[in-house]
Ligand SMILES: O=P(O)(O)OC[C@H]1O[C@H](OP(=O)(O)OP(=O)(O)O)[C@H](O)[C@@H]1O
Ligand code: HPA
Ligand SMILES: [Mg+2]
């Protein structure tokens, strides 16, 4: 699928991500989980933070490749798992179209599936999420971005010939 369906950026900083994950943990802390299954790669970062908050040491992965930057491609399962997810917490960073979540749900039907961010099309596939993001927004994660210098506005305009 083409990246033209995204019209806005929803930018998440490290600090925002950490606060959001901690808020999600408040909704999970009363439950007992055997362990965590993280969906690579995006699920690995929230999984590590959630494992710390909930004191979970047993962490497994489902390894999936689907998007190439903003373009959705064929979904490849590189590593599956040999149980149905009963008692396990399944974590991804986000659900967008729901294609990845649908495939993992079929593998682990009994897992409790959470994401930090959810777009409307994928939302029904997860048990819990923290923040809803519009379907036409691309979520920019801190591991995909960096801090860079921004030229003062007057200099930007001068170099474009829009100001004296
Ligand atoms: O709901 P969907 O439309 O399937 O999109 C959601 C998936 O896309 C992203 O992973 P991606 O394939 O980009 O790989 P990554 O986790 O390695 O970055 C994200 O981490 C989810 O796993
Ligand atoms: O909005 C998104 N941001 C980052 N990765 C993604 N993979 C699917 N949708 C997204
Ligand atoms: Mg992913």
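Any Cβ shown, glycine's included, is placed from N, Cα and C.
Whatever TrEMBL says is automated annotation, not expert-curated.
Taken from TrEMBL as is:
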DOMAIN    14-147  domain 'Phosphoribosyltransferase'
BINDING   41, 42, 92, 93, 94, 95, 96, 97, 98, 99, 100  5-phospho-alpha-D-ribose 1-diphosphate binding site
BINDING   93  Mg(2+) binding site
BINDING   96, 97, 98, 99, 100, 138, 139  GMP binding site
BINDING   96, 139  xanthine binding site
BINDING   96, 139  guanine binding site
Q: For residue 99 (GMP binding site), just give me the three-state DSSP call.
A: helix
**Q.** Largest CA-to-CA spread of GMP binders 96, 97, 98, 99, 100, 138, 139, angstrom
**A.** 17
Q: Could you round the CA separation between residue 138 (GMP binding site) and residue 98 (5-phospho-alpha-D-ribose 1-diphosphate binding site) to a whole angstrom and send it over?
A: 14
(Q) With helix taken as DSSP H, G or I, strand as E or B and everything else coil, how many residues of the domain 'Phosphoribosyltransferase' (14-147) land in each class? (A) 39 helix, 49 strand, 46 coil
Q) Across the listed 5-phospho-alpha-D-ribose 1-diphosphate-binding residues, 41, 42, 92, 93, 94, 95, 96, 97, 98, 99, 100, what is the farthest Cα to Cα distance, given in whole Å? A) 17
(Q) Are there any residues at least 6 positions away along the chain from residue 92 (5-phospho-alpha-D-ribose 1-diphosphate binding site) with a Cβ closer than 8 Å to its Cβ? List them or say none. (A) 38, 39, 42, 43, 46, 100, 101, 104, 113, 115
Q | Cα-to-Cα gap, residue 41 (5-phospho-alpha-D-ribose 1-diphosphate binding site) vs residue 99 (GMP binding site), nearest whole Å | A | 15
Q. Just checking, which of 94, 139 (binding-site residues) has the fewest C-beta atoms within 10 Å of its C-beta?
A. 139
Q | Model confidence over the domain 'Phosphoribosyltransferase' (14-147) (mean pLDDT, whole number) | A | 97
